[in-house]
Amino acid sequence: MIGQITSGLFGGHDDSKKVKGTVVMMNKNVLDFTDLAGSLTGKIFDVLGQKVSFQLISSVQGDPTNGLQGKHSNPAYLENSLFTLTPLTAGSETAFGVTFDWNEEFGVPGAFIIKNMHINEFFLKSLTLEDVPNHGKVHFVCNSWVYPSLNYKSDRIFFANQPYLPSETPELLRKYRENELLTLRGDGTGKREAWDRIYDYDIYNDLGNPDQGKENVRTTLGGSAEYPYPRRGRTGRPPTRTDPKSESRIPLILSLDIYVPRDERFGHLKMSDFLTYALKSIVQFILPELHALFDGTPNEFDSFEDVLRLYEGGIKLPQGPLFKALTAAIPLEMIRELLRTDGEGILRFPTPLVIKDSKTAWRTDEEFAREMLAGVNPVIISRLQEFPPKSKLDPEAYGNQNSTITAEHIEDKLDGLTVDEAMNNNKLFILNHHDVIIPYLRRINTTITKAYASRTLLFLQDNGSLKPLAIELSFPHPDGDQFGVTSKVYTPSDQGVESSIWQLAKAYVAVNDVGVHQLISHWLNTHAVIEPFVIATNRQLSVLHPIHKLLYPHFRDTMNINASARQLLVNAGGVLESTVFQSKFAMEMSAVVYKDWVFPDQALPADLVKRGVAVEDSSSPHGVRLLIEDYPYAVDGLEIWSAIKSWVTDYCSFYYGSDEEILKDNELQAWWKELREVGHGDKKNEPWWPEMETPQELIDSCTTIIWIASALHAAVNFGQYPYAGYLPNRPTVSRRFMPEPGTPEYEELKRNPDKAFLKTITAQLQTLLGVSLVEILSRHTTDEIYLGQRESPEWTKDKEPLAAFDRFGKKLTDIEKQIIQRNGDNILTNRSGPVNAPYTLLFPTSEGGLTGKGIPNSVSI
């Protein structure tokens, strides 16, 4: 029967022609961290002969025996390798020839089926048919792991790079399109295996490990009104023994094996795998080494010179058995990254940007304030719109939480203005870390942490810089939450012990800001909220769908890095809990904040207006006018935002010309419905969700998704080491309360203020762990793909979108030039500040490494 069908397909022998193609593949071991050294020898693929077959699928000639699906060509097999490519990774790609039988009736191939009869998987990059008669070149972008066929329940199929809306799909390809989506959705059951490609949702019930005792129990996030959360990728691991509602965890040594759909572990030597390996090494090997190093010695820095030795001299690690185990366990390629050593076991860190030019400028009030506009967390500051500041916490539960700052505290610093005049002139701003922290502060302070909730008021000076006016530090009333808070207000001083107290007050604010930054600005508002978009896009939008092609680069590695984070970073006892002041309450606290998350407000212009730092203004270039003109994050960000929106507008307008076309796109409607009702299901009834009924709603939504995944993440991630790599500037923990007069701590503060400061903030061991973490998080991989770039230049066949994408890239290049110009303008004092650190976090491109610039396409580290 099969012989008759293929004979009918290709006709007599005289009619058949040959179509030659090129297949690009990558060997499994190239990307295997456990055998990195061995893999670099680059063995030739053992895939020749009849071990890998390809069958083209016609988009114009049907197969009557196969339910109106396109006919298959005869199988074709890989021929001898043509050449070896050497990309930036340590491995290599190999190109093979493949020759297909073809005839006129077969027409244009729209897809192909691949079968792997080999024992190992391989990474398939692409298939290119160079000269299909009467059509020319046909290119298939694959970028997928192909396992032995026995591992799959259905054929592996890949489509040509011609996008189609569902209604425009060639009839003979529709069933293939639909079946591929069914495969990717799975049926919601079973434990996922390494070769699976299934995308599904789950709640965050895998952060704790109740089988290891009560101290390792963590609140389930998601699925409840009390602790709502974005969904994560489902792994299907069995429940824990002691709590059937908690998912079991995999052992630390298997951290690289945590499930994500196989193609979310891309075919490149990616930073997220490096991060996972590095974090595992820190937890498993470096921490015991550091404990051994500090055992029997005080876990304190005695002076700022002590701290500087981390960067200028290094710390000699003991040459004990654990150190030998460390060097034996980590591939040689990574030793220099984890331990910058000259072979003598010296733990040394690069000098962070914040102390590169001056060792003391970070302590100035101007720099303290400037980093709220141009530091690593420039997304919190807001305009003060009522005085004194009022709390939004429920007074029934928390009593009076309103601020105790009075006009007397600040009016002598307002350049002759009253408080009302300063507010009316848009001169007063606030960094408000009160309401988010107070509900947890009583519990947080039962740990080694001794922290406050803080409010910081600032004044916008005529030169465009901000001046701190007052810091209010509050902690829960000792008699109970219903009695409100105990607060004290501190004001700037540069004389005597009051100056030291003011420096400590700023440090308590920085501790708050670091914790809010890591858990909310960074983890929640980029990593966590984007994962449901990754899952829904793969489940509901075919790879043929134009919107899949638009968004796909902005999801690269996100599920992988988030899975690694659940395993090593944000889990019970993980690195983040060990470094931030919220400790074991950190993730639960982020769930409470998620209650206020609003998707349309993630658009940069909307965010700036909501925080009161901008007002809507149709005459301004981006539709908003900044009230702080020299606001580097906002100025550069609005340029990037507008470039993204122009690109998305051009792209979407090519495919959708009317509301009707949006409404009849069944894949698009299913995608948006699933995002609302499942991916962000705890917020499905919110009135602010776009209805997805117009091209403009699609444009706005896609622009916001791309902004979150690219520029917003870059702004809050890659400045971590430049600003927080020097822990005194951004301490993660406070261990003592503010010294009171008459106490030994107060006398120490008068006698040795630097030592008292260092005894208050992050301890020595935590500092080393924290600096190690932010250094890893702040690095770019050498094969990073930045905004305005694509992995494959042939990602679509449509010429108009390709031209629009080219315009997008050129616009980003222009923005780079503008950023350089602004950074060179001495009038814009907030661009570099007292520390002389030019603002480059939204500079679109970068080299690999620790650069403090570059906008990767996706949340990939």
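For all residues, glycine too, the Cβ spot is worked out from N, Cα and C.
The Fe cation binding site annotation in Swiss-Prot covers His522, His527, His713, Asn717, Ile861. Positions annotated as domain 'PLAT' by Swiss-Prot, on the basis of sequence analysis: 29-160. Annotation source Swiss-Prot lists domain 'Lipoxygenase' at 163-861, citing sequence analysis. Under the heading region 'Disordered', Swiss-Prot lists 220-246.
On the structure: features taken from Swiss-Prot.
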residue : record                 : CB count, 10 Å
His522  : Fe cation binding site : 23
His527  : Fe cation binding site : 22
His713  : Fe cation binding site : 26
Asn717  : Fe cation binding site : 23
Ile861  : Fe cation binding site : 24
Where does the mean pLDDT land for the domain 'PLAT' (29-160)?
81
Using DSSP, what is the helix/strand/coil residue split across the region 'Disordered' (220-246)?
0 helix, 4 strand, 23 coil
Could you name the residues, excluding His522, His527, His713, Asn717, Ile861, of the same chain that surround the Fe cation site, i.e. Cβ within 8 Å of the Cβ centre of those residues, in sequence order?
Trp523, Thr526, Val716, Leu777, Val859
Hey, does DSSP put Ile861 (Fe cation binding site) in a helix, a strand, or just coil?
coil
Per DSSP, His713 (Fe cation binding site) is which: helix, strand or coil?
helix
